[in-house]
Amino acid sequence: MLFLSFLLAIPVAHAAEVMRLTFIRHGESTANAANVADSSVPGPVLTEKGRQQARDIVKVLGDNNYDAIYASTMVRTQLTAAPMAEYLGLPIQVLPGLQEIEAGIYEGTPESDAVKGYLQAPLKWLQGDLDARIPGSINGREFDARMDGAIQTMYDNGDRNVAAFSHGGAIMFWVFLNAENADPMWLMTNPLRNTGYVVVEGNPEDGWRVVNWNGTEIGPETPFRVEAFRQLRTLSRQLQQAADGVVESFASRDPATIATAINRSLADASFSVTKFGRAINAEIIKRTTAAFQASTEDLKHKVSTAAPEAVAETPTATSKTTANSSAETPVKSKVKAALGSVVKPRGATHLSDGNKALSGVTKSLGRTGEQVRTTVRDAQDQVSSSFKKLGDAVKKATSGAAKPAEEKDAA
């Protein structure tokens, strides 16, 4: 009895509950219609088109039976959320943190020029430089922490199926920074228009995955390109940290300290590149093995399916006696057809060792090979660029170290 009481007293670790979070971008605002970046609070209202979009999104998402509706501090999200709130009989909870990324000095500039101005720093966040700051605004770390805080509030409130009305930049960049299977290419191929939406699942503890992007269901497997991009982003951060170490040492004005920092940074950078290569190689092996196993299973299935059919059509003993032994029987035809559908020569005139490929494996390995070549080229460009930055930092530190020494000698 005492032992049982002891067991009951031991706290049980529970897995964090899964939350389904649907981000919905606001309808068209007067600023959108005027092609103007506006991140002010409370900001512009919706146009008539935007109000209609707010009503229309209820028809698309309203029957998901959300248990809570949140909106940012900007009035355009609250107006977009109003029809959904009325349909579900839920209050709109205004939550700081969901607001648009502040435009800083780019406030009031044309939205069409965002890539050359407003979005320059956020695009660097996706490359791993979270310290990049929008002039007069926030950097990536501050933005991510702000959004994380808002989502943590929803989770702590016990809400597990949430509709959060927010903004295009805030939604997309948070998802790209936090969802492990999010593909930054969507920013170009399928960006969120007004009342576009993204559904993620997970929790603040275990992380997030995209399950639906703007109406397209997203599978559980992370594409190779996305995994490679994530590894490149990690490499970029590590190389940036190595360069920062050199720059920081320059403040000491001590040649020995600077030299030590340079050596340490170069060693760290070299090891980071090694780890990147190991990670990419491991991913290639994993995916190639999976493709081979899948094709092997397909081979087994096709042969096992064809074999009973072939046996059923086996000739009788009498027909065997009269048939020419070298003639092609139905059995041979069936087995030959079954094997022919799964074993193909690679464009040669005969089959020999090393000249056979399982159907599906060749295509899978071909696709994987092309992805690998593309990734390696991108990695080489990224590493080359990063090492150039590191070299520039070293050059700056070295030239800076020489100057104090000359001044000291002159004194």
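Sequential numbering from 1, following the chain as shown.
Including glycine, each Cβ sits where the backbone N, Cα and C put it.
TrEMBL annotations: computationally assigned, not manually curated.
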Which of these, Arg55, Arg76, does TrEMBL list as part of the substrate site with Arg25, His26, Gly27, Glu28, Ser29, Thr30, Ala31, Asn32? Arg76
Could you check which of 191-218, 303-330 is flagged in TrEMBL as region 'Disordered'? 303-330
At a 10 A cut-off on CB-CB distances, which of the binding-site residues Ser29, Ala31 has the highest count? Ser29
Pairwise CA distances across Arg25, His26, Gly27, Glu28, Ser29, Thr30, Ala31, Asn32, Arg76 (listed as binding substrate) top out, in Å, at 15
Give the sequence-ordered list of residues that share a chain with Arg76 (substrate binding site), lie 6 or more positions from it, and have CB atoms under 8 Å from its CB. His26, Gly27, Ser29, Gly43, Pro44, Val45, Leu46, Gly50
Taking all protein chains shown into account, the Cβ-based neighbour count within 10 Å for Gly27 (substrate binding site) is 27
Tell me the coarse DSSP state (helix, strand, coil) of Gly27 (substrate binding site). coil
Would you mind checking how many other C-beta atoms are within 10 angstroms of the C-beta on Arg25 (substrate binding site)? 27
